[in-house]
Amino acid sequence: MAPPSVFSEVPQAQPVLVFKLTADFREDPDPRKVNLGVGAYRTDDCHPWVLPVVKKVEQKIANDNSLNHEYLPILGLAEFRSCASRLALGDDSPALKEKRVGGVQSLGGTGALRIGADFLARWYNGTNNKNTPVYVSSPTWENHNAVFSAAGFKDIRSYRYWDAEKRGLDLQGFLNDLENAPEFSIIVLHACAHNPTGTDPTPEQWKQIASVMKHRFLFPFFDSAYQGFASGNLERDAWAIRYFVSEGFEFFCAQSFSKNFGLYNERVGNLTVVGKEPESILRVLSQMEKIVRITWSNPPAQGARIVADTLSNPELFEEWKGNVKTMADRILTMRSELRARLEALKTPGTWNHITDQIGMFSYTGLNPKQVEYLINEKHIYLLPSGRINVSGLTTKNLDYVATSIHEAITKIQ
């Protein structure tokens, strides 16, 4: 008699919610269906958009006979790493001028977070510091908790961020939680376009956050997934990161080029490391090289080449900025239009938070029962938290979505 499968005791894992939502949407035959759950940009025709500048650079790469498919270095394409870090920190960054910046090409923003988390678990402020508290915002992107847990961190906590009652930032709660955090705790910060709330601190509020973090010796780990995509302005979206440099912080910054280049399936990311002196950066990168070697060994080239070629060419860079602004402007327009329709319908509650928020996502304030109603009765797909992808709205479905939200709120408490 053959023994049972060695996999017979493996439990079925829960599906990843946002991808399950998209699968359900695809299978729904209803012609009215709207997908507000997907974490990717859509045009006004509800299609993915390949940026014109990306098409141009892809053609240029395809025609370059000097290129081949040899392995990239373990830390990635050098031109990409330097261009990516420069984009985050700015051309005039004192950290760049003083050569105390390093970069690691990664598999998207998630890969950058994981390499950073693995390094911190091994080497942060000593060795083997898996008991160091890691703070993430409440709420945050669900992968933040999972990545730091998988890296071995045992004490993951949340800091207050979203005030559900006023539908905005709970600054005082945020600052109080930072004040009470043990010294040298790791704080995960959203650089701009906070996911899922779309609510960002103002520059003045960032200054207060930095002040508390400085005197409590807290370590910032920025997640920058939307630079340029949030406001349409690269500098504005990197303001917090650059301010922390000016205040003398050492920090990590996980960068993603999925959204602002539309390179979702190329997995293009970078981990920017800012230290106090060049020597420590070299040592940090030497250890990160060891971590990358046992994780993916060498990163893929295509997406990194597209980004590096674009950022290093003044003409292509300007064209890319225009493409990014096109996406950001469409999202801003959809925010205004949705708010105007809800207010015209006299939908209960206030709706200014929709236009106060920024970036791809909006935290609507809808509760799980109202979300369930929208999915089951109206075929409008969104997360149970009430988060919507604003770029899923179009001139063709806005009226339907607004009246459906109005109906959900007036019918379901």
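Placement of Cβ uses the backbone N, Cα and C atoms for every residue, glycine included.
The L-aspartate binding site annotation in Swiss-Prot covers GLY39, TRP141, ASN195, ARG387. The phosphoserine annotation in Swiss-Prot covers SER149. According to Swiss-Prot, the N6-(pyridoxal phosphate)lysine annotation covers LYS259, on the basis of similarity to another entry.
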Using a 10 Å cut-off, grab the number of neighbouring Cβ atoms around the Cβ of LYS259 (N6-(pyridoxal phosphate)lysine), all chains included.
24
Rounded to the nearest angstrom, how far is the Cα of the residue listed as 'N6-(pyridoxal phosphate)lysine' from the Cα of ASN195 (L-aspartate binding site)?
13
Whole-number Å value of the largest CA-CA distance among GLY39, TRP141, ASN195, ARG387, listed as L-aspartate-binding:
11
Please report the distance from the Cα of LYS259 (N6-(pyridoxal phosphate)lysine) to the Cα of SER149 (phosphoserine), rounded to the nearest angstrom.
25
Would you mind listing, in sequence order, the residues at least six apart from SER149 (phosphoserine) in the same chain with a Cβ closer than 8 Å to its Cβ?
ILE156
Cβ neighbour count within 10 Å of ASN195 (L-aspartate binding site):
22
Per DSSP, ARG387 (L-aspartate binding site) is which: helix, strand or coil?
strand
Counting across all protein chains shown, how many other Cβ atoms sit within 10 Å of the Cβ of ARG387 (L-aspartate binding site)?
23
Quick check: with GLY39, TRP141, ASN195, ARG387 left out, which same-chain residues have Cβ atoms within 8 Å of the centroid of the L-aspartate site Cβ atoms?
VAL18, GLU142, PRO196, MET360, PHE361
Within the chain of GLY39 (L-aspartate binding site), which residues six or more apart in sequence place their C-beta under 8 angstroms from its C-beta?
VAL18, MET360, ASN389
